[in-house]
Structure formats: C-alpha cells, structure tokens
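Participant: Let me begin by handing over the structure; questions about it come next.
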Amino acid sequence: MFPGGRGEALTNVKEGEICIHVFADNNTFVIIQSQINTNGFLSVEEPQVESEYLGKMPASFRMIAVFLGDLDNSDGVGKVYYRQDSRPSILLRTTDHINQAFPQDDEIKPTHALIITWENVAAHGVPGRGDGLDRKRNTFQLVVASMASASYAILFYPREGLQYISTPVAGQSELVHTGFIKGRVKGWFNWSSSPGPYYRIATDNETSVRQLSEETNSGRRGVWVYEIGTSPIFYSITPGQVTNLSPEEGMAGGQMESVPEFPPRNTGEQQEIEFPPYEHEEEEETPEQELPPTVHPVQYQPRYPVVPEPMWFVFFLTVFAYNSETCASNRQKCSSFADCKDYTNGYCCQCRPGFYGNGKDCVAEGKPQRMNGKVNGRVFVGNTPSPLELSNNDLHSYVVANDGRAYVAISTIPAGLGPSLQPLSSLGGVIGWAFALEQPGYENGFSIIGGVFSRQAEVTFLPGNERLTIKQEFKGIDEHDHLVVSTELEGRLPEVPRGSTVQIDPYKEIYHNTPFSLFSSVITSSSNRDYTVSLPDGSVQTKAYQWRQTITYQSCPNDEEVRAVQSTQQLSVDQIFVMYDSGNQLIRYAMSNKIGSIHSGPPEQNPCFTGRHGCDTNAACRPEEGIQFTCECSTGFTGDGRQCYDIDECREMSEICGSHAICNNQPGTFRCECMDGFQFASDGKTCVEVDRPIDHCQRGTNNCDIPERARCSYTGASAYICSCLSGFVGDGYTCQDIDECEQGRCHRDAVCYNSQGSFTCQCRPGFHGDGFQCTPEHEKTQCERDRESIQVSSNTGSFSFFRLRPSVSQYVPTCDQHGAYEPTQCHGSIGQCWCVDGNGQEISNTRTGPGQRPLCIDRGVIPPPIGPTTRPDVSPVAPGTHLLFAQSGKIEQIPLDGYSMNKGEAKALLHLPVRVAIAVAYDCVEKMVYWTDITGPSISKASLEGGDTISLITTDLESPEGLAIDHLARLMFWTDSMKDRIEVAKLDGSQRRVLFDTDLVNPRPIVADPSYGRLYWADWNRDGPKIEMSNMDGTDRTVLVKDDLGLPNGLTYDPESQQLCWADAGTRKVQCMDPNGRNRRTIVEGIQYPFAIVSHGRNLYYTDWRRYDDLGPVSQKETDEFLPQKRSRVYGIATTPTECPQAYNYCSNNGGCSHLCLPRRGGFTCRCPDVVDGSCVERNL
C-alpha cells in the first residue's frame, strides 16, 4: 500500500466527522464534492442512511465500494485516514501501478492523487472481550489518481489475507461488496428512474471475496486498477489488463470467477461502453428496460461563482458514518468541558458555562492560549530563480485572550528570507481572529468553529503581482492543552533588503460565514493592506498587498437551538509589531485583535471590550452597566480576578481520575494517566489492565549466576541481561572471582588479602595508612599541629596563641579522620559554634548561640588513593528519569521506576577526584548535568550521553553553592555565599552579569521558573533568614517568607502544581506554598538536617546530613530512603526528566537581544553583561 499513518500528512477521520480540503487554481472555480464513509466506500453524491444500502445493494447513489459492509472504527483502534498528495514520489508510484495494469498506454501523467486508508477496522456488532484488542480487523486502501484526460482507481488489499469477509446486517451475515455503482439513472423524460450499472469486482461468493487479496488485474497480488472516466463522477469502467502475477509476485493459487468481457480500450476518440448486466429486484415503478445502460462522453460542467481574480479550485471531501449517532456512543468525541446532547437526527457537543468553542474543543473563558506547530514550504524571494526551503520550522504562539493580543514567532528563518517575511503578519492573523476580543453580540473564530479547521489564503503583492499561498491545518487541542497547527508556504515574495524594518498600518477585515452544505461551512475574507519599508539608507517605501482567504470547518447539523452567529463580522487589527532577528534567525509578529460589527458606530467604552481592564491574564472580564466591570478567574483558577491562582484539582478531589489512574495537575486543568500496566479503554476514561511482560529478574526465574556473583538487569518485553558484579569476571551466567592481589592494587609497603569479589590492603608494621597509601610515619596536618600546640600550652599554663578564638577558657580545634579542620567548630565553654574554611579561619556571619549549630559545608577533600585514578568523565546512562546527587569526589545517579528509587541500580555518574561538588542542576534540552565546585572554585558541565567534563566558569568565584537552569532562555543562575551575590550567564558561561549584590548574607539554594520568567532563592542568614523572589531580569524583587524560618537550605519549584517548597534544617520541616506567598502549609515534620530538595511528580526528594547521609522522597509522609555506600555528606540533588516542560518563553532564540535576554512575567528585557564590548543594546519588551 501507499505510505499511511501518522507522519505522512494524513488526516485521521472519525465517525461522523466532515473534512474539507481547499486547493488553489488560478484559472477556474470547480467544486468537486466527495464523501468518505467509514463503512468502506467513497461516494460522489449525498449518501443515504446505512439502512437503505446495507443488505440492499446496489445503492441508489454513486460510489466506489472498496470493502463495503457494516464497519466500526469507534473503538479507538480502527482509523480512517485520507490525504490529497501531489508529491513527485507519490505520483511516480501511481504512474507505475497504472502503466503495469495498462502496458499499451502511454502519456500517463497524473497531477494529483487522493489516498484513503481504512486501517484496522472491525466488523460492527462483533463482540470482543471489551478492550477492543481481540477483534478481527482488516486494512485496505483506495487511491484515486486524476489527470486532464482520465481518472483511475487503485484498490489495495492485504497480501497476508483478509481476516473477515462479511459483517452482520439485520441479524444475518452479509458478504462485503466491492465495485463501482452508478446509482439510479433517470429515463428519457425524467419521469422514471431505474438502477444504474453495478460493476462488481467480487461476486456473492466467499472465494471471490477472499481472492481480492490473492489475485490481481495489475500484475501485483492484491492490487486492482481501473480507469473510471474523465471526472470523479465515473461514466466508464475499464479494468486493468494484466491478470497474471509478475514472477516476483508468485501465484497465490485458486482462480477468480470470470471477469465480464470489455471492448478494447479507447485508443483515439471517445467510445461508448456497456456495463455488465445486473439483476435487480423489481421496483414498484416500471423502468424503461429497453434502454441499455450506456455511458455517453460527458464533459463535467463546473459552476462559476462571481469572485474576483484569482479564482479558486475547491475540493470538498466529506466523511460520514452511520453506526453511532447518539451521545451514548459518541460522548468521548466531545471535549471534557462539554456536554453531549441528543437530537432527532443525531447529537451535538456544547461547551459548558465558563468555556467557549464548538463543543469538540472547549477552552476556559479568559485563559491565555498557546499554539505550537511546524512550518514547511518553498518560497522565492524577489527575482531569485531558486526557492528557499522551510522544513519543520517551529511556530509558537501565545494569546492573551482577555485583551485580544496575539504573539507569533517562527524560528530558524534564513537571513535571505526573514526580512521579506516581515510584511506577512497575515501568518498569525488567523490566530488573532480565532481569539479576538469579542464586542457585544459578536463571536471570535474559536467560539464559532473550535480548533479543527482548514485555512487557505493567497496574498498578491502590489505593484509586482508576486503571489504567495498559505495553507494551514488546525488540528485541535493536544494533551498539553495547546492548539496544534501545520503551515505550508508556496510562492514568491517581493524582496525586503536586509537591515530594513517594516511597519504595517492598522486594518479591518470582513469575515463572511456561509453554510456550504448541511454538514460544512465556509468563512471567507479579503482585505487590502498597506505597509511601509524603512531601508537602511533612511529612505522609506510605501507598498500594499491584497489578501483573500477561505476557512472551512465542520458544523453540527443537528442542533436546532444553536445560537445564531452573525454571518458577517469585522476584524479590527492594530498595534501591529513585526521584527526579524537575523542573529537568531527568528521572525516575530504581534497584534491586537477585536471582532465586531461591520457598521460604524461609537466605540465601546467598557474596559472589557477595550482590553484595558487590569484583570489577571487567567481571568475573564465581565462587563456591567456603563464602564463598570468585574474580573472573574477562569475555570480552574481561584482568586479575586485581579490575581488568580491555579486550583490543584488532583489534591482537592483525590478520586477525580478513578481507579488505576494518576492525576497530574496542570494550570487551569488536570490530566488523568493510567498507571503502569494499565491503558485507557475505548471510552477514553476507564483504565483497564493490559498483559504485562514477565520480569524474570524480579521473579527470580532467570538463569544468571547467583546474586552474590552476578546481576540480572531487566530490559523489557520479558528479556533480561546477565552481567558479573564488580570483582568477578565472566559472561554473567558463570562468574569467577578476580584475584586483585595479582594486579598489584595495594601499596608496595602493604599486604594484599583477596576475598570473593573484593580484596583488602593493610600497611605493613612500621607504616601508616589505608593500605593503598602507606608512609613510614604520620605527618601532622595544620589542624593537628594547632590542636597539639593549644593542648600543650594549656597544660603548661601558657596563653593560647589562637587569636581568632574566644578567650574564655580554652578553645581546642576539632580535626577529622584525615587531620583536616572539621567544617563546624564549637567552643563549649561559651556555647557558640561557627563555620571555618580549609585553613581554620572563621567564615563571617555563621556564628550561632547556645543549642544551635550552623550548616557548614565540608571544604576538605578525601585524598585520592595511590594507583589508577578514575577518569573525570561520564559513561552514558540508561534512558528514563534519574535522581542525581552530589557527594564529595563524585556525582551519583539513582534510576527512578515511576516514583520509586531503583536502589540496586544506583552507581556513580561522574568521578571528581579532589573536588567537592555542591549544587547539581540539569538541562533537559541538551541532556547536560551542571554542578558547582567549591574547591576550585568553578562551575562545570558534562553530557549524560557520555564524554568529558567542560569547565564553564573558573574565575571571580569563592563559594558557589546554588545553581538553576532556564532550559528555554538558555541561561544559568547561581549564588555565591562568600561574595554574597546572585549572578546570571548563558549556558556556555559567557556574558556574566551580577543580578543582586546587596541585602544578601548567606544565599544558597536558587530555582528558576522558565514559564513565568521567575527566580526564587533562600538566604539562611542566622539573624534574618528569608525566601525571596524576582523576575529573571532582576526586577520586582520581593521577600516571600521571613517568619518561622530557621535554616532554609533546600528549595524547589514544581511547574505542574505551581508549588514552591523548601526544607528547613532549623525548624526540621518541609513546607510548601504557591509562588505568590499564599497557602503556606507543612508537608512533613521531624526531619533531621536536610541540605537540598527537588520535586518530581507527586514526590519531593531531599538529602539529609544527620540521617546517615541519606536521601528519600517526601509525599505527606516519608515513604523510602537510600543510604549511599560512601558515608560522607550528600549535597545537591536534581532530576533528569525524559521530556522538557512545555512552555512559551519570550526569550526563545534570545528574543532579538544583542547580548543577554532575561525573561520576566509577560515579556523580557535585553541586558548587557558586566563586561561589554561596546555593541550591546539594552531595552525592555
């Protein structure tokens, strides 16, 4: 069959849907209406209800029956796809099939092909076990190829055979039908009609139907080719002439019933051809039997409406199904925010109060809308002979619905095209129309047609008459609550020189809504637009273009009470902004949109209709009398309308998703996901169990060596891998101990003792050390010398020389097992403790009073062993989400299985000899782990996919202890607790800028919220601990929390639940609140000494210093813990999500800034680094 399925620009057809495609032709206006039916046929006129043709063939309307029966695609497994295709590769393949079926013909050059695929459709009414996975299914395809002189139908059936050949009809099994039906034919004076010809491909014989997939008339098994006349309304049927299979195809066995003889193919003038006779039932009306059913040469007469040049060729393709016309079977086709209502002739979907749309797609009133998609095409610029190609360029749009302001950005636009795209704000115009600010009595596009429609526009530039065609398919709302659109551009643009800017004048555009048929409607609009081009030399050019567009969409024919929509409305567009950023190859459009009356009148003064109301971006403006109004938070948010906060439906309604489902909160809404081992049933809501593969590792049914020598690793689909543990060698099924003593792993002055899977080293008598490093005598460290000196002076009564210590009694420094200063020093006589650096010097602002101890970082490093040293690089990690945590000398990783820690697979990710890594952060775009090191000090990164470490910042640092990544704007932020400042730089370490260097004492944790351009950090200043917030550009600095804090060391932000959480080593609590400082609550109490915390899904994971240096999740109560093998302090913690959070960020592609683009809520700021080169420009956008 021809390529099918997703990724091939196909449209997925569901029962009852109507799909309309529009194609341009500059010469004629031809309307060809064809209707795809989920019951396995293509009709070229209005079909009857299925009760009038199932079991009563031939039907009374014209059709191509590919595999006609009572078929079902409503269970979510069966699909119907179609597409119009004119790519050379597809047309070449079509030509190959036709030439092989008609070897004597030449000049076969189709211009386009319609490809329809019925995939995995089942027989309607055949029972299964309930989940739809055990029903018999067939896949078949129809290709209609057209050219000026003829049209062809190519039918494809599965070579592996048909799983069923009949469907239940009226309680009996009825064989499917395949063939061409002309419908009823009128008599001479239109006084009577009779059944027209029915050319059957298969007869009423089971063998004949089964041989559809075994034999052929085109030389290829299961492929049947027919010429069907000069238009889609077929007047002559000629079968392919090659009934023998080609040698490579082979014979399938069995012979098909004889095919009716046809006269020779037309080699010159048009010839009248008889259809094979058909025996039909007697009708009440007496047909004129004496007249043979012949085909006359007929030229299709197009209709020519009065439209201005250029003309349009419109191809209407409608899809029907009759199996399920009530809400009981179609409720899942409505939006989750809509109600389904039954009518006499079917059902309709209607958005609930507080939402708007067409019922299939509904969005909350007042809520901002996001749109994503891809842009493809070929565009000529000026007089250039070669086009510039666009291939899957990203398109992002953001609309502030309550004031009608729309923003559109398209990335990776080459410099040869970008400047010339500036006048084309029309690319985003339809988005502005869809969510325009509604004036009283008028509705924007989304209110009328929802999110699924087709749009085609043609732009004619004056005075050069360059023309560009825009085709867009809007595909509805995806699982991330974003609208999805695909865009194609084809044609020529007038050249706008590089370095030029474009200003587009405000304009008005009239939209006409015209029902085309019972099931479909067309919206047309046109306008003339002026724009000015300011050239680099200072001169200005004034130009214009003409704009015409057609929007086609499905309407609901059954709703008798649907509110009347104004057939003609006017879109007013102003405050138009266009810009091409050549440095980042980004084109931006912005505009304000209002939809209202075409008649002039006094402008509306109520702020709800002007957009100047001050309501929150997640609120709807409700007009009252005069200029009075109120702000009402959108559904899914709470607040006073001026400020709105997300409602966590998952927390407040714990059973909202049902059994075996997980609820994920999202801004303004929530989403249900089935747990592992379950999947959604055909209703799209209930989670049913699926057959799960066997984990032989967990069950112990594997054939690996014993667990003391080998590890069993599950790889999915009941498969596993055996590997020997460290210290053993073999294939995993048989492992033998490695004698490390033979490898000389110990020091030369030590004795080696081998054991199963391991070994030990012990220094010989007279030597001191751990066996890997042995010295004849122990050399005292500075701390040991100081301690010994003070003890000696104390015993002799001499005065202590330790000048920085309290004079009361005698202070004795504390040394660790390696002789280094303990990071926390205390003087018991006065009850005070403080932090010291590696030289034993007190760190300012860390001294505490009686009964308290400061949170001091161990700045000493463990000496490396003598012998081979592990390379500081990363071995690639397995796919999935992992926890990363820092420990002295290394960064470790723990795989997550759902929310549980897979402790058995924990291992070192990165060895950092003689280094102390503190903060850890992760970039989900490039899959990079970032960390800070206080021994360098430095900030570095390494790829999770393997490779060496890369140092990013190595100068002007003292103690970098907090690190945050903005994956959208490509920025990193860090705190320095000794320099008492917060800085920002690009992810490559360039363009450093100090954001804050005042009112900071001990800043440590810092987190970023890229979606809203916000920073959060904590300062554990003993005299005044606090948690603060600001925009990423340093504006709007605010203290969020300053009461009831002790040592707020860990801080994390969850973008899904919009919760800011922190771990406090002073109060020994984990607490959370919303990012505006409200709804503060305690999650867990009684923790020991937490250092860092991170969120993932519903859990919080934190590191703890006093609980055997462990880490574990917090979810209302502690559920698990992990104890690292190495008993040293654990520091920063981060997760490695498999996908980046979806969000719109103004600083994508650097926002057009010359240097730093720093996001803020609702915009961004262009800022210069602290070290500038003279070319930097600062501005606010």
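Cβ atoms are placed via backbone N, Cα and C, with glycine included.
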Participant: Out of 249-270, 271-292, 777-798, let me know the one TrEMBL marks region 'Disordered'.
Facilitator: 249-270
Participant: If we skip the immediate neighbours and take only residues 6+ beyond the ends of the domain 'EGF-like' (693-736), which ones have a Cβ under 8 Å from one of its Cβ atoms?
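Facilitator: Counting only partners 6 or more residues beyond its ends, the domain 'EGF-like' (693-736) has Cβ contacts under 8 Å with 756-759, 904-905.
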Participant: Would you mind ranking the disulfide-bonded residues C826, C833 by how many other Cβ atoms sit within 10 Å of each Cβ and giving me the lowest?
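Facilitator: Sparsest of the disulfide-bonded residues C826, C833 by Cβ contacts within 10 Å: C826.
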Participant: Report, as numbers and ranges, every residue of the chain located at least six residues beyond the domain 'EGF-like' (604-645) whose Cβ falls under 8 Å of a Cβ in that stretch; write 'none' if there are none.
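Facilitator: Same-chain residues near the domain 'EGF-like' (604-645) but 6 or more away: 337, 354-355, 364-368, 400, 402-405, 437-440, 592, 594, 596, 667-669, 1058, 1074, 1076, 1078-1079, 1162.
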Participant: Residues sitting near the domain 'EGF-like' (646-688): Cβ under 8 Å, six or more positions beyond its termini, same chain?
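Facilitator: 74-77, 130-132, 332, 364, 367, 479-481, 618, 634-638, 898, 1056-1059, 1074, 1097-1098.
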Participant: In the predicted model, what is the mean pLDDT computed over the repeat 'LDL-receptor class B' (970-1012)?
Facilitator: 93
Participant: Take the domain 'EGF-like' (737-773) and count its residues per DSSP category (helix H/G/I, strand E/B, coil), listing them in that order.
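Facilitator: For the domain 'EGF-like' (737-773), the helix, strand and coil counts are 4 helix, 15 strand, 18 coil.
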Participant: Quick check on the domain 'EGF-like' (604-645): DSSP residue counts for helix, strand, coil, in that order please.
Facilitator: 4 helix, 15 strand, 23 coil
